[in-house]
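K.L.:
Straight out of Swiss-Prot:
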type: ACT_SITE; residues: E89; note: active site, proton acceptor
type: BINDING; residues: S9, A10, M11, N12, A13, G14, K15, S16, D88, E89, A90, Q91; note: ATP binding site
type: BINDING; residues: C146, C148, C183, H186; note: Zn(2+) binding site
Amino acid sequence: MAKLHFYYSAMNAGKSTTLLQSSYNYNERGMDTLVFLPVVDDREGERKIATRIGLSGKTIALTKDTNLFKCISDKLAENPNIRCVLVDEAQFLTKSQVEALALVTDELNLPVLAYGIRTDFQGEPFEGSVYLLAWADLLIEIKTICHCGRKATMNLRIDDEGNPIREGEQIRLGGNDRYTATCRKHFRLGQPTQTK
């Protein structure tokens with residue numbers, strides 16, 4: 001029986017790298033995958049995942065209006081060799097899209113591997129993450145570390161000088177130049193780096 005997996009972590013833990021490796025593993029065995037990326041993440045263009053270590057892969061762009069179950073059903077009808085669905089930046093999914101992913105596992109018997117962060121720079125949950133945490137069959141934490149050596153669980157937004165930003169829009173695209181993964185203590189203290 002297929003399952004809905006949610007791989008979650010703070011930023012910069014290697015979620016996209018893990019996703020691309022999973023897709024590669026299927027492809028190496030002669031099985032096709034569908035890889036989706038919400039359009040809101042256009043740092044590398046709408047249809048490409050790019051990792052910090054230089055790996056990249058093509059994706060299918062998702063908008064908030066994409067009927068995910070229909071899209072996957074149609075692709076499966078065209079190519080019955082599709083064996084897995086993968087979603088990067090899954091925190092940007094809508095509730096109905098997470099429902100659709102659950103339906104894909106239940107009705108189409110395809111495993112779904114979703115990768116994302118749980119919370120934003122204010123410690124508030126993303127819509128997609130809320131429902132993945134509630135409905136996924138398996139929750140898998142991908143660990144990364146804070147500058148102090150503790151497990152990083154939070155995402156601290158920083159300005160050009162490295163100062164913490166506590167207010168603003170929930171979504172502001174950026175990587176290492178705009179966000180740093182911290183433990184809860186250093187998130188609360190607003191310390192993106194080790195103080196002397």
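Every residue, even glycine, has its Cβ placed from backbone N, Cα and C.
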K.L.:
Over all shown protein chains, what is the count of other CB atoms within 10 A of the CB belonging to C148 (Zn(2+) binding site)?
P.N.:
14
K.L.:
Report, as a single number, how many Cβ atoms besides its own are within 10 Å of the Cβ of M11 (ATP binding site).
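P.N.:
Around the Cβ of M11 (ATP binding site), 21 other Cβ atoms lie within 10 Å.
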K.L.:
List only the single closest residue to H186 (Zn(2+) binding site), chosen from the recorded positions A13, K15, D88, E89, A90 by CA-CA distance.
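P.N.:
If we rank A13, K15, D88, E89, A90 by Cα distance to H186 (Zn(2+) binding site), first place goes to A13.
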K.L.:
What is the total of other Cβ atoms whose distance to the Cβ of C183 (Zn(2+) binding site) is within 10 Å?
P.N.:
20
K.L.:
Minimum Cβ neighbour count within 10 Å among the binding-site residues A13, C146: which residue?
P.N.:
A13
K.L.:
Based on Cα coordinates, which of the following recorded positions are within 10 Å of K15 (ATP binding site): E89, C146, C148, C183?
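P.N.:
Of E89, C146, C148, C183, within range: E89.
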